[in-house]
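Undergrad: Pasting a structure below so you can have a look.
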Amino acid sequence: MGLPIVAIIGRPNVGKSTLVNRLAGEQTAIVHDEPGVTRDRTYLPAYWSDREFQVVDTGGLVFNDDTEFLPLIRQQALAALHEASAAIFVVNGQTGPNSADEEIAEWLRQQPVPVFLAVNKCESPDQGSIQASEFWELGLGEPYPISAIHGNGTGELLDELIKHLPPTTELEENNEIKIAIIGRPNVGKSSLLNAFAGEERVIVSPISGTTRDAIDTFIERNGQNYRLIDTAGIRKKKSIDYGTEFFSINRAFKAIRRADVVLLVIDALDGVTEQDQKLAGRILDEGKACVVVVNKWDAVEKDSYTIYDYEKNLEARLHFTEWADTIYVSAVTGQRVEKILELVTKANEEHKRRVSTSVINEVLEDAVSWHSPPTSRGGRQGRIYYGTQVSTQPPTIALFVNEAKRFNDNYRRYIERQFRQQLGFKGTPIRLLWRSKKVRDVESGSANRATRV
């Protein structure tokens, strides 16, 4: 990436995510009063005193407990530290140092990066200095009293931090494609991301809902850069309490909006559920390119009709995203995983594609000759004067007609099908804007406007 990385390390519930949000200037890491909310490592851009860098939020470190996700969180923290240029060790100034802090400090002293000790929750500057002084005993140098919530003391910490960061590599113009990986809990989104990245970048567990943040991972294939956004699994609203999971789902929807292409991951064993349909509808509403990824295909018992039957079911259940490519993969074995990126690249190209006005009107002329527009009860027939593409991402075509309400849904779908059959647009939704226009306005338009259909 070219930017120095700063790892944020500490035991659970000391305010690491709050500090990350303070440094990055946005609430991206989930902050909640439930201990251990951050499980994976999350990369965010930060800026201080003309220096750009990335901060990496990690899960809460606990060395003397191997239950649940704790060994995996340690692995994530170690991976973050391995790629970091510096680390900020966050401790709780209100409770003072404890044995967990001492264990982490001992581990950090063995690491080859400079470590800065941030004593958080020092809300009073006078009292904060006293609270911070207790942490000299950790042997990591000067403790910096800070308040991640209010920002007190973070300037002094960052002033010292940036002195130890290596020079920023000049970044080339980035041609990355942003991909959001979405789906219900436990369909294999994180396994898929790890298969792309070639490392255990995200905690993978059979327990539903292991991933809580939207996390960015950067990969490159054949000169093309991809930014992969893994997201918390999306459940039905009635099964969500308004705590951490509520914020995760909200962030997953934001990840869809950030993305160029969305991977809708479906569990091959469960088939298409009502929630999958709602997610597909969300992708369509946001106008995003999409690839449908049917995961766990290796676990499906197959005969000569399996793929045919599955495709018919997908076509029936996801008919409103029939324009999206579908691929059957196994994130665990790696089967066809790399092929996904080829489909993503093609979908992204179609999403950004622009078609000339003359070509659009040739398609319209043929479509109208094959199937005339509807006629009103009074005998007045609908007329399409001309069409022109007005934007991309998604491709959006304005159709100027004599009376928009005269064109019913069936005819509108027919025109969209004609555009797809003649022009492609595989992998992306297209939007048609039906605009009423009086014929005299059309005839008085500029001479180089599209020919009337």
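Quick reminder: no glycine exception, Cβ is built from N, Cα and C everywhere.
Swiss-Prot feature annotations, pasted as is:
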DOMAIN    4-169  domain 'EngA-type G 1'
BINDING   10-17, 57-61, 120-123  GTP 1 binding site
DOMAIN    177-352  domain 'EngA-type G 2'
BINDING   183-190, 230-234, 295-298  GTP 2 binding site
DOMAIN    353-438  domain 'KH-like'
Undergrad: Ten-angstrom check, please: count other Cβ atoms within 10 Å of the Cβ of Gly183 (GTP 2 binding site), all chains counted.
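TA: For Gly183 (GTP 2 binding site), the count of other Cβ atoms within 10 Å is 24.
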Undergrad: Say you check the Cα of Thr58 (GTP 1 binding site) against those of the binding-site residues Gly183, Asn186, Lys189, Trp297; which is nearest?
TA: Lys189
Undergrad: Check each residue in the chain of Cys122 (GTP 1 binding site) that is at least six apart in sequence and keep those whose C-beta is under 8 Å from its C-beta; list them in sequence order.
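TA: For Cys122 (GTP 1 binding site), the qualifying residues are Gly93, Gly128, Ser129, Gln131, Ala132, Pro145, Ile146, Ser147, Asn152, Gly153.
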Undergrad: Within 10 Å of the Cβ of Trp297 (GTP 2 binding site), how many other Cβ atoms can you find? Include all protein chains, please.
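TA: Around Trp297 (GTP 2 binding site), other Cβ atoms within 10 Å: 21.
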Undergrad: Do you know offhand how many angstrom separate Leu61 (GTP 1 binding site) and Asn186 (GTP 2 binding site) by C-alpha?
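TA: Distance (Cα to Cα, whole Å): 24 Å.
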Undergrad: When you measure from the Cβ of Thr58 (GTP 1 binding site), how many other Cβ atoms are you left with inside 10 Å?
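TA: Cβ-Cβ neighbours of Thr58 (GTP 1 binding site) within 10 Å number 26.
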Undergrad: By a simple count of other Cβ atoms within 10 Å, which of Asn13, Asn186, the binding-site residues in the record, is least packed?
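TA: Among the binding-site residues Asn13, Asn186, the lowest count of other Cβ atoms within 10 Å belongs to Asn13.
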Undergrad: Can you grab the distance from Gly183 (GTP 2 binding site) over to Lys16 (GTP 1 binding site)? Cα atoms, rounded to a whole Å.
TA: 28
Undergrad: Where does Lys189 (GTP 2 binding site) sit in DSSP terms: helix, strand, or coil?
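TA: Its secondary structure by DSSP: helix.
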Undergrad: Three-state secondary structure of Trp297 (GTP 2 binding site) from DSSP?
TA: helix
Undergrad: With DSSP assignments reduced to helix, strand and coil, which class does Lys16 (GTP 1 binding site) get?
TA: helix
